[in-house]
Amino acid sequence: MNTSDHEKEPKTSQQEIKSNRILVRYGELTLKQGNRKEFVRQLKKNVQYALSSFNDIYIQATRDRMYIKFEVLSSEDIENMINRLSGIPGIQSVSPCLKIELEEENTLTSHIQAIAKSIDQPNTTFKVSVKRALKSYTMDTFEMQSHYGGVALNATEHLTVNVKSPDETIYIEVRKDGFFVYQRIIQGAGGLPVGSAGKTLLMLSGGIDSPVAGIEVMRRGVTTEAIHFFSPPFTSEDSKQKVIDLCHELSKITGEYTMYIVYFTNIQKAILKEIPDNISMTITRRMMLRLAEQLSDQIGAKAIVNGENLGQVASQTLDSMYVINDVTSMPILRPLLTMDKDEIIERAKKHNTFDISTRPFEDCCTVFAPKSPKTKPKLEAVQKFEEKLNIEQLIVESFNKTEVVSIKAGTVNVSQLNEQKDESSIDENVGGLKNKKNSFEELF
């Protein structure tokens, strides 16, 4: 969507006098012709999840836009709905508006007068912007702008017209089902509806980067579930709560989210005992990737997502990535790879994850960070040292303790992944997980 009058925020923060709709404009899905209906259906489902806590609303999805209808809602509820909608991928922008029937032109005039009076301040400029989708309407676009601009001027003392850069804009859309009048256009997340492009597994550390990476791939229509590596007693319950709170923020995008907390203590103890300090992080990351790949196979994820940023730390050099990636054939998506750190922080703040990520509770990587990690590890040397580890058994032990955190409509439920299965069922399958079609229930 091009930048135009219909996409500018007003320079002042005046609220509309009355609204009975929130107008939702679609993002990239408007470019989808063959399967556009499926994209719209998925977006409506995501909006229903996100707004499930609001009563007495009705969601109408059409080919070109969506309407959130209501009769009586407080201004606070309307603002809360706008905040939620603006964070949902697939939505380009939203506007609280008043719908008026076409035959009620007197009501339209009264509403324009009321809006004009609400913004009538000294040195305030305005314009009326008309979009006439109903071409058969009696007045053309220019006539409507002139007429209702005059209505606003006659109702006020201070307003003056500025068509190029007004302080306030009164928008009128004329459609076959009525007039839609609004003052604000709030930018949305853009992109595609979550759930329209498959599933990925997000490696969620608890730091600043990984939750932003998850949100960025969700903007491309991808569903994410998360895996977190937890190493008690070296990492605390506070660090676990931190990632649960991050998942709660991610759940606001679609209404639900799932995270798998994998107990990683025994693996890190084995690495600490058997592996030289300077390549311990490389092998730690390889073990994490092995676990993530096996979990991905079982939940149907087609790729692994992480928050790696090229050159940011020793494990994120090209040489390190090459060696770490050797353990998996799955695609690794790195949406933050070339971003500046300031840009990542800005996005974390925008998505309300920054304050959670910066809580002073260490994750398993920072607790066991080596003093002088290799930035150019050699694959052959790493593989040789890994022979000292019983990798298969360590993976079995980690999955045996895995917890599942499910968040839906703000409610958090924690359960054990293997609570109904014994270890023998894992032993039979762990070596060939990639070729198995077993569900988690069958496997664990």
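Here the Cβ of each residue, glycine as well, is placed from N, Cα and C on the backbone.
As recorded in TrEMBL:
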- Met203, Leu204, His228, Phe229, Arg285, Gly307, Gln316: ATP binding site (BINDING)
- 79-185: domain 'THUMP' (DOMAIN)
Could you tell me the mean pLDDT over the domain 'THUMP' (79-185), as a whole number?
96
For the domain 'THUMP' (79-185), give the DSSP counts of helix residues, strand residues and coil residues.
36 helix, 33 strand, 38 coil
With DSSP assignments reduced to helix, strand and coil, which class does Gly307 (ATP binding site) get?
coil
In the structure shown, which of the binding-site residues His228, Arg285 has the fewest other Cβ atoms within 10 Å?
Arg285
Leu204 (ATP binding site) - helix vs strand vs coil (DSSP):
coil
Candidate with the highest Cβ count within 10 Å, taken from the binding-site residues Met203, Leu204:
Leu204
Going by DSSP, is His228 (ATP binding site) part of a helix, a strand, or coil?
strand
The one of Phe229, Gly307, Gln316 whose CB sees the fewest other CB atoms within 10 Å, among these binding-site residues:
Gln316
